[in-house]
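Below you'll find the structure, written out as structure tokens, and then a few comments.
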Amino acid sequence: MGQLSSLTSVWMVVVVTSWVIIAANIDTVEARSCSECHSNATCMEDGMVTTCSCLVGFTGSGFECVDLDECAIPGAHNCSEGSSCMNTLGSYLCTCPDGFRLTPGLGCIDVDECSEPGLSRCHALATCINNKGNYSCVCPAGYRGDGQHCECSPGSCGPGLDCVPVGDALVCADPCQEHRILDEYWRSTEYGAGYTCDVGLNGWYRFTGPGGVRLAETCVPVLHCNTAAPMWLNGTHPTRDQGIVNRTACAHWRGHCCLWDASIQVKACAGGYYVYNLTETPECYLAYCTDPTSVLGTCEECSVEEDCKSHDGMWSCQCKQDFNVTDLFLLDRLECRPNDIKVSLSKCQLKSLGFEKVFMYLRDSQCSGFNERGDRDWVSVVTPARDGPCGTVMVRNETHATYSNTLYLADEIVIRDRNIKINFECSYPLDMKVSLETSLQPIVSSLNISVGGTGMFTVRMALFQTPDYTQPYQGSSVTLTTEAFLYVGTMLDGGDLSRFALLMTNCYATPSSNATDPLKYFIIQDRCPRTTDSTIQVVENGESPQGRFSVQMFRFAGNYDLVYLHCEVYLCDIINEKCKPTCSGTRFRSGGIIDQSRVLNLGPITRKNVQAVVSRAASSSLGFLKVCLPLLLSATLTLMFQ
């Protein structure tokens, strides 16, 4: 052994069954010790001989090993026609173009973005058309747009509806619900002269306030309504069954009650009010005028506790006289709603007890009562279903969170001898949402998602300690071992919970805060859990407004000390889409792009005693795969979440 080493070249033939036969020049080098072998080589000791051989996917002497580009060698890879070969260190990947999915035995097949939830970006009203490698969106008849954004056009809506602006889009809606308010007191026909001109008006409006709640139906004298030439409705107001009607608004000037005119539309709404589709006045100074007598209301709004009675020639709703209420605790209506608690008292029943005026407030007097009309004339007060606001107190046990407060009732601002207290409480069974709200500092991430034609929704993701998802981690950090399980919950907060299900499309971990980091460990991919990790359990996904999964704690192999969690979510329309994933067999990457605007982020997860963990791992394992795997050794992890 006078030389450093001796080189022996051996020609070998490697047969890959059913695929290719390739020849490779594998070099074996005799060495003095295994320390001389390259990091991408194996060392074999056979008696007195120590040899170094490059790993599969590498070529060289054993002292030096370089990556073998399988993509550049004909027959060295098994990527099918239509797919692309991408060389990696020691191996290669077969990838498909966007819009295709790699399937064993079939190669790259087209992905039907229209049938799989979360893949298309079509507007809620648009029709999705699948094409080879892509898809297209087409707005419905009467709508305009590129399919991802659809807007109605005038005259395209059904009876009683109109094309109105909602947010930054035009949609078919009921103008009784979608309108703007004109509440100027000077619009009253009893107000004097002025120089107001209604320029810039365009769309549906409702008149409110002390000036009147509907347009005047008779010719208004000039120099009234704070303008020179008052505008009035030349015709009668419609009834509710007539829907939207066309009318003419006239302007009075120089002895002509209709010297100028403008075409408008009117609709009668439930509740006894009207909405008007107005245009700006044809000249200045002209303004729309309201009838001041209409502010007194009509008997169309009377509740079951009221009669329509005349007083000084004016008809109005007045409380019936047959009330005989002695127990105030029978008056309250308590509503335990998801986000708040509402207590309502009947004004007519309070009046029968002698309360001509009602001053109502909670423990925190800033939370005071307000009037509202529904099936009755109510005075109500609302407190958030949280500990603290309005003086609300929360008590929690193993199964429920109970919120309590006290309602104070007086008939004068200055209380002398009549002060009534009503204690009330609401109990909520503990679930993910209630548990988060009852925790002091839950570890949670949230994001707002916009749904076309529906509005903004808030989705939250939180970390829980137990499999019943009722005990969230609190504070800024938490300590776990890799033997422990982490329970992750996502939930839709508010919005139309009856229409949408929350679908977790991709949930994964990265070693950096960058959610687009190419090194990802998928927990859920393409809506289905990773089948090669037996610690992953998806409890709920695409079935309700919440999602839940659990996974055993892990770290990334290599020089990574941090782990971040990310979850891409999608609001699935349960009426028009199939939301619950169907998961069976081996799952393959679809090559779809993750929409970062729909990703929730939590992290980082920081390991303690890094050096000790690394040394133990090196002594107990001959090889460490360069992929993200759960740790086999027990180690302490500290989670510090932004």
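Cβ coordinates come from backbone N, Cα and C, glycine included.
Among the candidates C54, C79, C85, the disulfide partner that Swiss-Prot records for C71 is C85. According to Swiss-Prot, the cysteine that forms a disulfide bond with C348, out of C319, C336, C367, is C319.
Disulfide annotation in Swiss-Prot: C284 is bonded to C197, selected among C172, C176, C197, C390. Between C94 and the candidates C79, C108, C114, Swiss-Prot records the disulphide pairing with C79. In Swiss-Prot, the region 'Beta hairpin' annotation falls on 152-173 of the listed ranges 42-63, 130-151, 152-173. If you go by Swiss-Prot, C583 shares a disulfide bond with C528, out of C507, C528, C628. Candidates considered were C225, C250, C336. The record in Swiss-Prot pairs C289 in a disulfide bond with C225. Mapped onto three states, the DSSP output places N234 (N-linked glycosylation site) in coil. Sequence-distant contacts of C37 (disulfide bond), defined by Cβ-Cβ distance under 8 angstroms and a gap of at least six in the same chain, are A31, C43, C52, G62, F63. Each residue contributes its Cα atom, and for N397 (N-linked glycosylation site) and C85 (disulfide bond) those atoms are 58 Å apart. The distance from the Cα of N40 (N-linked glycosylation site) to the Cα of C197 (disulfide bond) comes to 83 Å. Look at the disulfide-bonded residues C172, C269, C367 and count other Cβ atoms within 10 Å of each Cβ; C269 has the fewest. Here C583 (disulfide bond) is compared against the recorded positions C176, C250, C269, N277, N514, and the shortest C-alpha distance is to N514.
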